[in-house]
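Below is one structure, written out as structure tokens; comments come after it.
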Amino acid sequence: MAPVIEVITERAILGEGPHWDEATQSLYYVDIFGQTINKYVPSSNRHTKARIEGGPVALVIPVEGSEDKFLVGLGRKLIVVTWDGVSSTVSNIEELLEVETEPGLTGNRWNDGKADPTGRLWAGTMGPEPEIGKLEMEKGALYTLIGKNKVKTHLTKVSIANGLAWNVKLKKMYYIDSPRRTVDQYDYNMEKGEICNRKPIFNLDHHDIPGVPDGMTMDADGNLWVAVFDGGRLLHINPTTSELLTTITFPAKQITSAAFGGPNLDELYVTSAQLVVKGEKQPHPAGAVFRVTCTGARGLPGVKVKL
């Protein structure tokens, strides 16, 4: 049976960073330029959001051991907020740290992040983009959070830090720096939280795929599902063989990320954007979250961040 695509939320400006919380059977995600953290509960079809002032809101991840605390990327800061999942505002904002405060980097911002299987935060930045599509390249970096108030730098000269996924069995981490137009593999030491030996395992150029790779997730078989921004599709890739297994196309051009969810972890939640690029507006339903069923795949639950 072919995949079935539904529109399930109102439109965001730049929807990103979907995270499925298995405990509450809820989807969390952000609207980066709308500066909101969002919650969608499939069982009640309820969508709520809270606005956070102070800059683009790049990621939201539930904190391990708490029911109402979330780690949020705000501009170049990492903060912890308290949110009941219903109110239009958050409370108890705790600033953990700020990165890239050096001259020449203060126009940067967080772009994407995720907790690895141990609960360790990996998050990356990107350079200034005064106009969509006009980016200052190689200004960002990829970090891990050490404790609550320190980061460790793993990669520099990053243009747009994006999708992350880990295969515990193979000891691999998969990572996307979007303008490279590749999905890269690293050897991964989970105990030390270290990566080495970059190897591109999928190249969009080789498959004549338009757009750039954005966020991604992994299924229980170890295959990747990669969102293609400006390509209107989700790529299902075997990272071991570099084979493109399937492609799902969407009624929106700017597909940004994906996460498996649902009671059986067999539903794909896919975020999108409605950014104006070169004067071109994106029509409805661009910016909505899509639910994709009947893919034949199951995913892995989202990992909460340990602080």
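The first residue you see is number 1, and the count goes up from there.
Note that Cβ sites are derived from N, Cα and C of the backbone, with glycine treated the same way.
Copied from TrEMBL, the annotated features are:
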- 14-274: domain 'SMP-30/Gluconolactonase/LRE-like region' (DOMAIN)
- E16, N162, D214: divalent metal cation binding site (BINDING)
- R109, N111, E129: substrate binding site (BINDING)
- D214: active site, proton donor/acceptor (ACT_SITE)
Legend entry - Those binding-site residues of R109, N111, E129 having Cα within 10 angstroms of N162 (divalent metal cation binding site): N111
Legend entry - Overall pLDDT for the domain 'SMP-30/Gluconolactonase/LRE-like region' (14-274), taken as the rounded mean: 97
Legend entry - Those residues of the chain, 6+ apart, with a Cβ under 8 Å from that of R109 (substrate binding site): G55, P56, A58, G73, G75, R76, T125, M126
Inset, instruction - For the recorded substrate site formed by R109, N111, E129, name the remaining residues of the chain with Cβ within 8 Å of the site's Cβ center, in chain order. - result: I32, P56, A58, N108, W110, T125, M126, G127, P128, G140, I160
Legend entry - E16 (divalent metal cation binding site) and N111 (substrate binding site), distance between Cα atoms, whole Å: 9
Inset, instruction - Within the same chain, and leaving aside E16, N162, D214, name every residue whose CB is within 8 angstroms of the centroid of the CB atoms belonging to the recorded divalent metal cation site, in sequence order. - result: G17, N111, D112, I160, G163, I176, S178, G215, A227, F229, T256, S257
Legend entry - Whole-number Å value for how far E129 (substrate binding site) lies from D214 (divalent metal cation binding site) (Cα to Cα): 16
Legend entry - Integer Å distance between the CA atoms belonging to E129 (substrate binding site) and E16 (divalent metal cation binding site): 17
Legend entry - Cβ atoms near E129 (substrate binding site) (within 10 Å, other residues, all chains): 16
Inset, instruction - Measure the Cβ-based neighbour count of N162 (divalent metal cation binding site), defined as the other Cβ atoms within 10 Å of its Cβ. - result: 29
Legend entry - Cβ packing number for D214 (divalent metal cation binding site), 10 Å threshold: 28
